[in-house]
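Notes follow the structure.
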Amino acid sequence: MTNLQAALAALHTQQLYRTRRLRSGAPTVRTTIDGRSYLTFCSNDYLGLAAHPAIAAALREGTHRYGVGAGASALITGYSSAHHQLEEALAAFLGRPRVLLFASGYMANVGILSALLGRNDTIFADRLNHASLIDGARLSCARLRRYPHVNPQALAKLLTSPRPLHSRTLLATDGVFSMDGDIAPLPELARLASEQSAWLLVDDAHGIGVLGPSGAGTVAQFGLTSEQVPILVGTLGKAFGTSGAFVAGDVALIETLIQRARSYIYTTAPPPALAHASLTALALVQSGHERREQLTALITRFRQGATALHLPLLASPTPIQPLLAGTAPRALAWSRHLERHGILVSAIRPPTVPPGTARLRVSLSAAHSAADVDQLLNALADLPRGNSDGIE
Ligand code: PMP
């Protein structure tokens, strides 16, 4: 396949080629990758639950009770009492009438948008929304209008353009932006959505578990109601430490998704044992105040240290703390520099982020210690910067 080879070679030349690293063992903050031990700052395991013994024990118990795989899609015979219990517990946690589990956040977003909207409809989306929201919008065939990042004024202007009569309008935003770490201006977005009779979808993949009272996320942190944010998406693969995702909303929303979301209907239900394990993860998330406090202390420590070093830190109040490198080669050089110090932070390059904004995405976890953060700051102190790094 020569054409493919040429395209791959071009990615290499632009330093945009991505390689997978081989991890052995659990995804803890000290882990072995490609045979070498590293201190890592690049997982989404914000509360340090991904290797938690109680969740691992619940997974084992779940396999004894429910077997390994679901055996069928949810609408055939794959929906088990483990899924049901987790849905009920998540609904109570988020204060919503119903929850529907998906196999992943990617599948949830793609399924929701394509189930709710069609050719005649319009989706307004923050320019930095997660890829799954963009792909869902494309799949729905609705008109996609993207507004500048966290800019409700620009969105308000876009919203004044005429839309077809009797069409649906949905406003979609990440709660916490996955590559910038900043928080969406949800109260303003909710006001605009209500003025325009639009549905507001908040994908709080990086907020639920981390922010808000008992970790209920950005919507709860802003004190918004389920009427203001009728569609709330979360994932289990980040703060919960397991895998899978969910959407929370009213009965009509969830029943519509059960009838129409193709990424829910035409796929094997997630393993019930995993849902059983996620129930234990949810209990740990809800009682995880100390973990969240530890995380907040680490964020403050990292930001103070990085500011003192004059590092190009983005304004993020969350565990996602990006350092803007600009070019892909520079982001890679920074990542390699840290690797030489035994620290792993991945370089994030286009197309994951816009061109010219390649970065190191430092992500903090409650499983890190203050000494871990200091070790990272020490290694960042002599980061190759400017033209003297020989990479521009
Ligand atoms: N939404 C956002 C904002 C995300 O960052 C991600 C994961 N990177 C997803 C959805 C997808 O979630 P999952 O990993 O469960 O597919």
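The backbone N, Cα and C atoms fix where each Cβ goes, glycine too.
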Among His83, His84, His206, which residue shares the pyridoxal 5'-phosphate site with Gly105, Tyr106, Ser178, Thr235 according to TrEMBL?
His206
Once the chains shown are all counted, how many other Cβ atoms turn up within 10 Å of the Cβ of Gly105 (pyridoxal 5'-phosphate binding site)?
25
Count, for each of the recorded positions Arg18, His130, His206, Lys238, the other C-beta atoms lying within 10 angstroms of its own C-beta, and report the residue with the smallest count.
Arg18
With H, G and I counted as helix, E and B as strand and the rest as coil, say where DSSP puts His130 (substrate binding site).
coil
For Thr352 (substrate binding site), write down the residues of its own chain that are at least 6 apart in sequence and whose Cβ falls under 8 Å from its Cβ; none is a fine answer.
Ala131, Met179
Look at each of the binding-site residues, Ser178, Thr235, and point out the one with the fewest other Cβ atoms around it within 10 Å.
Ser178
For pyridoxal 5'-phosphate: widest Cα to Cα gap among Gly105, Tyr106, Ser178, His206, Thr235 in Å:
13
Take every residue in the domain 'Aminotransferase class I/classII large' (38-380), average their pLDDT values, and give the whole-number result.
97
